[in-house]
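Q: Questions regarding the structure given below will be posed in turn.
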Amino acid sequence: MATLWRLSVLCGARGGGALVLRTSVVRPAHVSAFLQDRHTPGWCGVQHIHLSPSHQASSKAASLHWTGERVVSVLLLGLLPAAYLNPCSAMDYSLAAALTLHGHWGIGQVVTDYVRGDALQKVAKAGLLALSAFTFAGLCYFNYHDVGICKAVAMLWKL
């Protein structure tokens, strides 16, 4: 972690003594938290910069989630042509699961990035979970009671 301990700036009218600040501009988070209540003379209303995030997630969980997203994306690349070449109920249900999971994770990232506020984000994620569950249930219902996803797409292409 790069730390800047001294900074030479023009700050004040006292001449050479005021040119060199004896305080750090960027401190490690533990030092910054320790010195948070201390007032630094000559440093006008500048807050400390924290270098570590306030909420840290497990790097293993994030890595596994990222890997899972990539596996589903690559699986879809092979599953779509296979469903075209061999339309059957196994392909229909595989497509239903993979497309729903892929859409859930993608829209979940949009919710995480753009929905602000803890309560609103929880409501949006609950709504997304309900939407994904209804989507999967609807696709499974369509596969069981109608022609299935593969044959439905083929019928649309024949129009």
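Every residue gets a Cβ built from N, Cα and C, even glycine.
What Swiss-Prot lists as heme b binding site is His102, and the listing cites experimental evidence. Taken from Swiss-Prot, the feature topological domain 'Mitochondrial matrix' applies to 37-63, 112-120, supported by a curator's inference. The topological domain 'Mitochondrial intermembrane' feature in Swiss-Prot is assigned to 86-90, 143-159. If you look up Swiss-Prot, you'll see 1-36 marked as transit peptide, on the strength of sequence analysis. According to Swiss-Prot, the feature transmembrane segment maps to 64-85, 91-111, 121-142, an assignment based on a curator's inference.
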Q: Measure from the Cβ of the residue listed as 'heme b binding site' and count the other Cβ atoms within 10 Å, all protein chains considered.
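A: A 10 Å sphere around the Cβ of the residue listed as 'heme b binding site' contains 15 other Cβ atoms.
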Q: Is His102 (heme b binding site) helix, strand or coil when read with DSSP?
A: helix
